[in-house]
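Engineer: Checked TrEMBL, it gives:
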- 26-50: transmembrane segment (TRANSMEM)
- 41-289: domain 'G-protein coupled receptors family 1 profile' (DOMAIN)
- 62-88: transmembrane segment (TRANSMEM)
- 100-121: transmembrane segment (TRANSMEM)
- 142-159: transmembrane segment (TRANSMEM)
- 198-226: transmembrane segment (TRANSMEM)
- 238-254: transmembrane segment (TRANSMEM)
- 274-292: transmembrane segment (TRANSMEM)
């Protein structure tokens with residue numbers, strides 16, 4: 001009603017990554033390397049977990065979901081950034097494409113958040129209630145928990161996407177960011193975005209903080225249980241199954257705190273946390289889990305050796 005003569009925009013132009021304009025080819029090759037490592041690492045984890053009968057515990061079932069999420073999360077953003085480094089047309093994204101990218105990013109990101117919480121609960125059961133663990137965390141329970149994380153992530157993202165794109169966008173077209181995310185898109189709305197920003201802080205804050213609190217509570221019980229283990233070898237083995245998960249949780253939570261607690265933030269450094277969250281973390285996660293987990297390393301060696309032996313001369 002405030003803009004009766006304005007029409008809705010049909011496309012947006014993404015700003016791209018900061019500091020890449022002077023050497024686009026170099027940054028294109030760098031992103032290509034990062035994306036290739038991300039996809040290779042996560043696909044290897046998926047193949048290893050899916051094919052090795054030794055990795056049949058719930059922890060590896062959830063690890064397979066995490067690897068799939070990381071591969072998809074990187075695919076949602078990185079190829080479009082790479083296209084924008086090659087041509088100016090590569091930075092153009094349709095209005096519908098922007099909505100899809102925003103939805104997919106928050107769908108995958110929030111699902112990953114819920115999955116980390118489920119993985120913490122799995123570690124709690126395995127260490128604090130080892131006798132009940134095989135019965136409680138059976139195959140049906142694992143599938144149900146994984147399905148719930150995907151379903152809640154889909155609903156959570158749908159809420160934010162619908163709230164963001166119910167507003168009128170009548171220009172300008174330029175998104176000062178390297179992909180369609182809620183804060184930079186809202187800046188282009190021809191309407192008051194106060195309600196949206198409150199929802200961002202309330203919804204994402206409550207969901208993120210709630211999951212983090214549950215993770216912390218799980219690890220408080222885990223640490224207490226581990227300290228009661230009498231042998232140093234037993235304590236080390238118990239801690240080793242948790243350190244990888246704790247590391248990726250920290251890598252996951254730090255960037256969103258910087259982004260969504262400051263929805264009006266802008267400037268050269270505003271996109272740095274998102275770069276870490278969308279490009280670096282998905283690349284590092286496979287290494288974190290393989291380097292800290294002897295069973296995964298052994299299974300990965302078996303997979304690679306089997307593939308080498310079966311390859312034609």
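Keep in mind that glycine also has a Cβ here, set from the backbone N, Cα and C atoms.
Describe the structural surroundings of these features, if you would.
Structural biologist: As a whole-number mean, the pLDDT of the domain 'G-protein coupled receptors family 1 profile' (41-289) in this prediction is 84.
Beyond its flanks by at least six residues, the transmembrane segment (62-88) meets 14, 16-17, 20, 24-25, 27-28, 31-32, 34-35, 38-39, 41-43, 45-46, 49-50, 101, 104-105, 108-109, 111-112, 115, 118-119, 122, 142, 146, 149, 178-179, 248, 278-279, 281-283, 285-286, 289, 296 of its own chain at Cβ-Cβ distances under 8 Å.
Sequence-distant contacts of the transmembrane segment (100-121) (same chain, at least 6 residues past either end, Cβ-Cβ under 8 Å): 59, 62-63, 65-66, 69-70, 72-73, 76-77, 80, 93, 145-146, 148-150, 152-154, 156-158, 160-161, 164-165, 179-182, 185, 207-208, 211, 214-215, 218-219, 245, 248-249, 252, 256, 277-278.
Within its own chain, the transmembrane segment (238-254) has Cβ neighbours under 8 Å at 59, 66, 112-113, 116, 119-120, 123, 126-127, 208, 212, 215, 219, 222, 225-226, 229, 273, 276-277, 280-281, 284-285, 288-289, 292-293, counting only residues six or more beyond its boundaries.
Under 8 Å from some Cβ of the transmembrane segment (274-292) lie the Cβ atoms of residues 17, 31, 34-35, 37-38, 41-42, 44-45, 63, 66-67, 70-71, 73-74, 76-78, 105, 109, 177-179, 181, 240, 243-244, 247-248, 251-252, 254-256, 259, 300, all in the same chain and six or more residues away from its ends.
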Engineer: Which sequence positions outside the transmembrane segment (142-159), separated from its termini by at least 6 residues, show Cβ-Cβ distances below 8 Å to it?
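Structural biologist: Residues 58, 61-62, 65, 103-104, 106-115, 118, 121, 199, 203, 207.
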